[in-house]
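Per Swiss-Prot, these features apply:
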{"type": "SIGNAL", "residues": "1-21", "note": "signal peptide"}
{"type": "DISULFID", "residues": "Cys24-Cys41", "note": "disulfide bond"}
{"type": "DISULFID", "residues": "Cys34-Cys59", "note": "disulfide bond"}
{"type": "DISULFID", "residues": "Cys63-Cys71", "note": "disulfide bond"}
{"type": "DISULFID", "residues": "Cys72-Cys77", "note": "disulfide bond"}
Amino acid sequence: MKTLLLTLVMVTIMCLDLGYTLTCYKSLSGTVVCKPHETICYRRLIPATHGNAIIDRGCSTSCPGGNRPVCCSTDLCNK
C-alpha cells in the first residue's frame, strides 16, 4: 500500500506544472519576469533618426520583427 501511495505522489509531482516563468532583460536596465504565455526573450535594434540605434529588450510570445532581432528562450539570454 505504501508503494502505491508513493508511486501516486511521484506521478502527481511529475505531472504538475510548477509555474515556471522566464526572466529577461528589459529595455532600459534591470530584468523583468515574463507573463506565463511569454516564452521568448528578445533584443532588437530600432534605428533612430540621427544614426544612433535604440536597443529594445523584453519578453514576447513570438520573435518580433525589426532590425537584427535576437530571440532566445532561457533566463537572461537577451543581454
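Placed from the backbone N, Cα and C atoms, the Cβ positions cover glycine too.
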Please report the Cα separation of Cys34 (disulfide bond) and Cys24 (disulfide bond) in Å, rounded to an integer.
7
Non-local Cβ contacts of Cys41 (disulfide bond) (under 8 Å, 6 or more apart, same chain)?
Leu22, Cys24, Tyr25, Cys34, Arg57, Gly58, Cys59, Ser60, Cys71, Cys72, Ser73, Thr74, Leu76, Cys77, Asn78
Taking every protein chain shown into account, which of the disulfide-bonded residues Cys59, Cys63, Cys71, Cys72, Cys77 has the largest tally of Cβ atoms within 10 Å of its Cβ?
Cys59
Considering the disulfide-bonded residues Cys24, Cys34, which residue's Cβ sits among the greatest number of other Cβ atoms within 10 Å?
Cys24
